[in-house]
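Note sheet for the following structure.
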């Protein structure tokens, strides 16, 4: 088998899968079109004036109520954090800590008010900043750039402030630097990505906040605190550290209020909430319910607050702040102005007229945006746009007519108040329906592309299956099957490119790649159909079954039907939302079912019973083989592992009654010192037990007898890795206030110990790559010595591949021949570790990978990793013993049930290591294991977070041993 045709074939298969996944994502993760237009003071959006209304100098569209504004963003400020309940005798750590908000709202009800500030998903910081500044809705594809922010090109509040000569000062989260480059009069940015750092950003803001406020050299001041969000990620909301951080925010706000002037508006807002585990990114109630607090030294509201705080969308903040500061509303805003902030000190009629004026401006701005957007995009339904246009026109016309009647004083106050209230309701209805239309339209998918992507991926899987069946029958298979797909793919891409040229449309590279992939697949299937006879197509490389009996044919087909049926069921069920939500329970069930079906098939085929004697046939019973009890014990252990793995689950927002596993939280979140120490000792004992088991296994099979560098590393490097991980867990689980003067030393240790693990694991993997052989040879007369023949790489042919171990032994004989011939008596060569020549290298590599991946998870998830290794070991035993019972003599053929059971086990432990396919379940703290400050690039944190997320897939993919090494495991 030649190397390059195989490499090119695998590269082509990867291209097919990437094209299918890309096509599906282009239909699933849609983006809306961002308009380049921006608002200006000269836009004709101002309604006709009414008596008592005037537009003072410096105002735009509406009278300026405030000359300055302070926006304090407390990241992840959930509404429950800001609400104060005096009746609670023993509040939770996150409750009743922001007492200054309650004091201001109760003592000055016309000056302060608390709102529920509802965020639009995805509840990631970058998307929320876009919503808070543009007044529009980011789509889910934007979450991919949450930690690689790009400058906002759309019209936004900061751009309007700068355009109208206002000075914007920022301090805090450095995400704003990438979103709004060169927009700040003065800025103090601090690294934001390190979720384990609770104080750097907040302390940096506090250092500059009060001097900046007192200087007066600003018109808009934005302070973005991150400590509450990071505390949630590190400890969760129900932790004493959260109480300390919220208390710090309370003292900050108390001092800030004392520094504000009468012409300053204070806004305290959370960009999103957090779950009970401190995560965010999804659309659960606790993630989308943030808090907004509004305060001014001058009266803001015409009446007192309602009994229950009002709920307002986050996009409503943009038009409100813009008109209060006297600047135009951003062009793409779809938010509704908070009209109660424009009531002023006049009577009811004057307040209603002022509110109608800002509603009129807001409605005209939204209508202009909808009209402009509909000209460049077709994703807004025409019928709903027509309905909105009619509602807007009639409301504006009625408002204009009402203002004319007010000027003529033809209405008495009761009738006027009634009509004013009706008009306000109609403006609100228009704005809310317009926002609903946009929300529904931008959440739509492209079904055709999604179906096309699924078809491409399914065809790629079928292609891989056919290739696996036919590759063994021909050494030139890969070379012959590359030419035709290449020609067909190039032809498909060329035809699509010519079509685009003639139609003068833009060339979509993803669409061209998808067409090329589909054409190359058609070429492959056509070539396969034409070149191979029908019988070979039906049964692959297996011998014909036409002459076999019905029972033998059924056995042959059911051997493939059972595992493939489970695989197709799982793939098909992915189109069911209920299955996706319950997949954490379905994957273990399918794995257990497949193993039980394997045992049932062995029994049905008669492999579990001994041949019947005439007497047994007469009596009508059969005796079972002794090996069956060992197999049944293995199955029982597997079922226990499957059951225990369910204790390490994460919850989805679709299951509100679910409670996440206690093992997911780090040891630092435990308040009970005794429980923390007990769990710590258990985790370290598990690590030590893993090393002991691996070393005992290698010593038992003779792989630790030589003095090669790799063997020495296993002897001494493995315990050193465990020691470094244990020390890291010890310093990482300690609370900040318990460290005292050792704080600086601990900060160094938190970085040094993970890097020691990274370094030791890299050295071990490098030694394994250079010389993976741990075989040791000696003769009966001479002293022991290792193999003198160097490792020559992977076998170059299939014949060599099937006879690796005999060839290695032959080379050892040749290397020892000269020494053996010098003696007068016959001598023999003893080879240690030859039977596990493959297994030993893979076990060492997987142990090192396991150490690295356990380091990236919380300490108590080491229990889940122990179950993972145990279940993988048991699955290999079951596979090997089943093949032995079935009498399968082909060592290098892998049945499909083994491959699919491995796939199901990888999916099972994806969930059993605390993951879910949702944004809040991503373990972002893995990006800072071994890093104290922020990263200079997004590549390394992406690798660490990806390794954490797909740890089970990495380990199961690496531990898929060929049958021959697996046999060595069962010796």
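Glycine too: its Cβ is placed from the backbone N, Cα and C atoms.
Where the annotation comes from TrEMBL, it is an automatic prediction and has not been curated.
The range from 531-551, 657-677, 678-698, 783-803 that TrEMBL describes as transmembrane segment is residues 678-698. Of the listed segments 606-623, 804-821, 894-911, TrEMBL assigns transmembrane segment to 894-911. Distant neighbours of the transmembrane segment (482-502): 5, 8-9, 12, 511-513, 515-524, 526-527; these residues of the same chain sit at least 6 beyond its ends, with a Cβ under 8 Å from one of its Cβ atoms. Remote same-chain residues near the transmembrane segment (509-529) are listed as 12, 15-16, 19-20, 22-23, 26, 452-453, 456, 459-460, 463, 466, 470, 480-481, 484-493, 495-497, 537 (criterion: CB distance under 8 Å, separation of at least six residues from the stretch ends).
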